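Structure first, then comments.
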Amino acid sequence: MTELRHRGAKDGDPSLEQQTSDDKGSDIELKAEKDGVSDNESKPDTGVPEVPVPPDDTPEVLNKALSGLSSRYFLLCVNYFFYGETVTDYFFTLVQREEPLRILSKYHRFISFALYLTGFCMFVLSLVKKHYRLQFYMFGWTHVTLLIVVTQSHLIIHNLFEGMIWFIVPISSVICNDIMAYMFGFFFGRTPLIKLSPKKTWEGFIGGLFSTIVFCALLAYVMAGYRYFVCPVEFNNDLNSFQVDCEPSELFQLQDYALPSVLESVTGWSTVKLYPFQIHSIALSSFASIVGPFGGFFASGFKRAFKIKDFANTIPGHGGIMDRFDCQYLMATFVNVYIASFIRGPNPTKVIQQLMALRADQQLHIFNALKAHLIEKGLLPALEEVLA
């Protein structure tokens with residue numbers, strides 16, 4: 001890595017690269033004078049001033065210890081944490097049956113934090129003088145990448161467990177918006193939308209918005225009628241397996257909605273039957289059409305900053321996975337937040353699972369408290385009435 005300490009050519013030779021900005025010509029002259037060497041003697045025939053690079057002061061013992069530190073260590077740590085959280089949350093009953101899994105589940109966050117601290121300390125020990133900036137630069141980018149990729153992937157898995165419809169509809173809305181915005185922009189596009197993507201137009205943006213809303217409302221209507229798509233994934237203790245079968249909630253049951261007077265005069269209908277999820281699909285498709293493209297704009301700006309065309313060449317003619325899913329990660333976060341804010345309520349199955357993990361005295365205390373609450377509400381007869 002000695003080339004990191006070289007300066008560019010003094011006379012403007014373009015074949016030599018500048019690697020650092022803190023080595024000034026005056027510093028070179030002072031160094032040469034201090035060592036009793038003239039300017040002519042301190043410069044090679046090419047006229048390029050060089051500064052000797054200090055040797056790596058890291059002890060040999062640490063070099064050997066840190067040589068096994070994989071560049072993917074933090075990726076493994078973050079994946080272990082997030083997927084461990086998912087297993088503990090959704091596979092609680094199964095985990096409690098095995099003693100090793102139960103211990104790992106109980107101390108999961110402590111183990112995850114200990115693994116991260118190990119990587120953090122090993123990073124600090126691997127710091128080398130004169131290369132601090134580069135090392136911290138890579139350290140920061142590692143964490144940003146993990147935040148963007150791994151965290152979003154974790155949220156996508158959570159959305160899947162809420163029901164396939166919460167995964168398919170948002171993804172389809174982004175794909176539909178991408179296609180329809182291109183079509184409207186190709187045939188009707190005249191007004192540029194944003195400088196980061198010169199080919200994007202307002203006509204494509206608006207046309208994609210309305211097309212996506214209609215498409216998602218129709219797709220939601222079709223999918224809401226099938227339990228396989230609307231039921232969350234749950235573990236069945238009796239069958240000892242996971243199942244996707246339930247009594248659909250009110251969100252996926254047809255209801256009558258009164259039409260506004262304007263639409264009633266046009267269609268002649270006073271009411272219309274819709275699934276409540278179709279109303280939510282309008283919010284999802286609107287986000288995919290209005291905010292979702294900014295994920296693509298962000299990716300475009302990122303690639304322009306580093307002067308690259310695509311993130312990879314995994315898909316011939318389309319770049320890498322990130323090039324195709326740059327909007328999907330932003331959409332996954334929104335769906336997860338939307339479910340937590342407006343959809344998800346207390347889950348009786350998970351509450352029972354947590355109660356079963358308590359001590360007997362704690363379970364008895366909760367039972368008495370719940371019984372007193374139900375009697376107070378009039379849902380259970382009082383003790384005197386039972387004895388009478």
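Any Cβ shown, glycine's included, is placed from N, Cα and C.
Keep in mind that TrEMBL annotations are predicted by a computer and have not been checked by a curator.
Pulled from TrEMBL, these are the features on record:
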- 1-13: compositional bias 'Basic and acidic residues' (COMPBIAS)
- 1-57: region 'Disordered' (REGION)
- 21-44: compositional bias 'Basic and acidic residues' (COMPBIAS)
- 73-95: transmembrane segment (TRANSMEM)
- 107-128: transmembrane segment (TRANSMEM)
- 135-157: transmembrane segment (TRANSMEM)
- 163-184: transmembrane segment (TRANSMEM)
- 205-229: transmembrane segment (TRANSMEM)
- 277-299: transmembrane segment (TRANSMEM)
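The stretches the transmembrane segment (135-157) and the transmembrane segment (277-299) do not meet in space: the count of Cβ pairs below 8 angstroms, excluding pairs fewer than 6 apart in sequence, stays at fewer than three. Among the stretches 107-128, 163-184, 205-229, 277-299, the one making the largest number of Cβ pairs under 8 Å with the transmembrane segment (73-95) is 107-128.
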